[in-house]
Amino acid sequence: MLKYLNQSEAINVDLELFNEYKFSVDQLMELAGLSCAHAVAKCFPAKDFARVLVCCGPGNNGGDGLVCARHLALMGYTPAIYYPKPTPKPLYENLAHQCQRMEICSITECPRVEEAADSYDLIVDALFGFSFKPPVRADFVSVVELLQQTKLPIASVDIPSGWDVEQGKLNDCDLEPTLLISLTAPKLCAKHFKGKHHFLGGRFVPPALQRKYELNLPAYPGNELCLEL
């Protein structure tokens, strides 16, 4: 049976990928963001959902979002990035620079619900990952409110923003994405997901690590970078 990770297990799996298996952060981020773009493309074809607002947070989840936006642009989408609190580290600065040089639009103010409905077909939620602890910081209140109030479909990267990594949706969080892309392995909160599509992405987990944590990940078909659970 597929294992759903608690917060400490998710952290430890990441640490082992970095320390024992010598993956770099940017290496895993590139693979994760690419798999997210592929999952989005499977569920929301560019011919119908070309205009994508990618909302990026300050950590690794936001980095995944920046990578996803770049690959979506290469797949025929027209992404725009909302990145309210850029991380002042070379990795994130380089990812943002790559998006800029790819001529991906970056917006400085969070759109209101009506503006988003007029301007976009889909929102990618890459705000917070499995290390999130409430409450939501002031810089992100407006975008979390947009995610909770919009009628646009939402694709959440690894964890729907504002959810508890283990308990799922909290009392003050109404976010219910249409697509959840669990990275590496699903987290416990994914058991509470009621949206239409749940995908697994991040095809980089070594067999020995799978066995150690008894992840029981399903086999990815052929050369696919993501699979629907």
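Cβ coordinates come from backbone N, Cα and C, glycine included.
Record features, source Swiss-Prot:
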- 10-217: domain 'YjeF N-terminal' (DOMAIN)
- N60, N61, G62, G63, D64, G129, F130, S131, F132, K133, P134, P135, D158: (6S)-NADPHX binding site (BINDING)
- N61, D125, S161: K(+) binding site (BINDING)
Suppose you look only at the domain 'YjeF N-terminal' (10-217); what would the mean pLDDT be?
95
Return the residues near F130 ((6S)-NADPHX binding site), defined as same-chain residues 6+ apart in sequence whose C-beta is under 8 angstroms from its C-beta, sorted by sequence, else 'none'.
Q7, A10, I11, D158, I159, V165, K187
Cα separation, F132 ((6S)-NADPHX binding site) to N61 (K(+) binding site) (Å, whole number):
10
Determine, for the K(+) site, the additional residues of the same chain whose CB lies within 8 Å of the mean position of the CB atoms of N61, D125, S161; present them in sequence order.
C55, G57, G62, G65, A126, L127, F128, G129, L147, S156, V157, D158, I159, P160
Taking only same-chain residues 6+ apart in sequence, whose CB is under 8 Å from that of S161 (K(+) binding site), what do you get?
C55, G57, D125, L127, F128, F132, V144, L147, L175
According to DSSP, does G62 ((6S)-NADPHX binding site) fall in a helix, a strand, or coil?
helix
Taking the Cβ of P134 ((6S)-NADPHX binding site) as the centre, how many other Cβ atoms fall within a 10 Å radius?
12
Taking the Cβ of N60 ((6S)-NADPHX binding site) as reference, which residues of that chain separated by at least 6 in sequence fall under 8 Å from it?
V25, M29, G129
